[in-house]
Amino acid sequence: MFSRDVRLETYDPELAKAIAAEAGRQEDHVELIASENYCSPLVMEAQGSQLTNKYAEGYPGKRYYGGCEFVDIAEQLAIERIKQVFGADYANVQPHSGSQANQAVYLALLQPGDTILGMSLAHGGHLTHGAKVNVSGKLFNAVQYGVNEQGLIDYDEVQRLATEHKPKMVVAGFSAYSQKIDWARFRAIADSVGAYLFVDMAHIAGLVAAGVYPSPMEHAHVVTSTTHKTLRGPRGGIIVAKGASEELQKKLQSIVFPGIQGGPLMHVIAAKAVAFKEALEPAFKTYQQQVVKNAQAMANTLIARGYKIVSGGTENHLMLVDMIGRDVSGKDAEAALGKAHITVNKNSVPNDPRSPFVTSGLRLGTPAITTRGYQEQDSIDLANWIADVLDAPTDEAVLAKVRDAVTAQCKRYPVYG
């Protein structure tokens, strides 16, 4: 019998202190990591529910355990809602993460040793798109494409590599690319060599849902995403498709369970269902439009302050600041900005001479600040403060001045009130 009178801060003060400190950090630091966001209290309520107790191996109506009639409702709601969000006719909401969703796609459609063609991590791709340190680069023969001197995807190079290497799968998507992707061009390249087109839209799923970024659904054989980032839900993954054959759907279903996962996380799936409902609200489109406006305001301000943005600007929620040739590294810049209560992540940029542990770049994103309520002028102010720190990363007076300004700005825009 559990006592409702015992509080976490009494039972486990060490952990409670860490949780409280993190809650405080999220309130008084500005969050510019492009892959992070704040989910709603409703999402957190669902994720903290009694559904965390329930095992439910299988799928709605086809479980290997009894007592699943209510979690079936939760999962079916998530499935139907995400189909509506993206105009899909197939959806699997069970992947525990975006990386596991990607792994499921590879294992469902490929054999070990098959060739895949994906974007280089060093040029803005993701670990799971064929990086040698990832299972996708170990199980499969991964060929990588990149960006040109303008920082744009070189579609001619993608076509040349596809023609030369005859991949079984072409992977489109990114973790650090700030322009729109020509999904139709990617599909034409894949079709030219008889390959699957697999799109990982983890970073831009919320923008796609709101119609402010082109949708890959009409072009890709299969699409994956995380459910956090711009989609603003709990941490997790999904697989969706439009026009997928029954055979393809069966392969995807069986590889998620029982192929690579056992029991799904029903409390997380319930939280996904809440987030997907939120994504169908008119306010969600307004939010995503503001995400892009804020990103463009930040990028333009940094350019005006003399900083190079890879590709020259942004058409989505993120930007890469290229500091090749500057004395400050990405690692040092991240640390200096952190002292000023601005949270970012160091990031490699194309042709980066520094190691991935040091880097010559910063990745900045606006989903989290936009959730707080930031508008363009707030983003311009923030970009100027970032430039102030980057101009003088060891000047304690500058860091203190910016920290005070950031703290005041955060108080105007509380996350949870």
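Numbering starts at 1 and runs along the chain as displayed.
Yeah, the Cβs are placed from backbone N, Cα and C, and that goes for glycine too.
According to its DSSP assignment, Pro356 ((6S)-5,6,7,8-tetrahydrofolate binding site) is coil. The Cβ neighbour count for Pro356 ((6S)-5,6,7,8-tetrahydrofolate binding site), using a 10 Å radius and every protein chain shown, is 13. The feature (6S)-5,6,7,8-tetrahydrofolate binding site is assigned by Swiss-Prot to Leu121, Gly125, His126, Leu127, Ser355, Pro356, Phe357, with sequence analysis given as support.
The number of other CB atoms found within 10 A of the CB of Lys229 (N6-(pyridoxal phosphate)lysine), across every protein chain shown, is 28. Residues or ranges marked as N6-(pyridoxal phosphate)lysine in Swiss-Prot: Lys229.
Cβ environment of His228 (site 'Plays an important role in substrate specificity'): Ser35, Glu36, Asn37, Cys39, Pro234, Arg235, Gly236 lie under 8 Å away, each six or more residues apart in the same chain. Residues annotated as site 'Plays an important role in substrate specificity' in Swiss-Prot: His228.
The maximal spread of the (6S)-5,6,7,8-tetrahydrofolate binding site, taken as the longest Cα to Cα distance among Leu121, Gly125, His126, Leu127, Ser355, Pro356, Phe357, is 17 Å. A straight line from the CA of Lys229 (N6-(pyridoxal phosphate)lysine) to the CA of Gly125 ((6S)-5,6,7,8-tetrahydrofolate binding site) spans 16 Å. Counting every protein chain shown, the Cβ of His126 ((6S)-5,6,7,8-tetrahydrofolate binding site) has 23 other Cβ atoms within 10 Å. For Gly125 ((6S)-5,6,7,8-tetrahydrofolate binding site), the count of additional Cβ atoms within 10 Å of its Cβ stands at 25 [all protein chains shown].
The Cβ of Leu127 has fewer other Cβ atoms within 10 Å than any other of the binding-site residues Leu121, Leu127. Around Phe357 ((6S)-5,6,7,8-tetrahydrofolate binding site), the C-beta neighbours below 8 angstroms that are at least 6 residues distant in the chain are Lys331.
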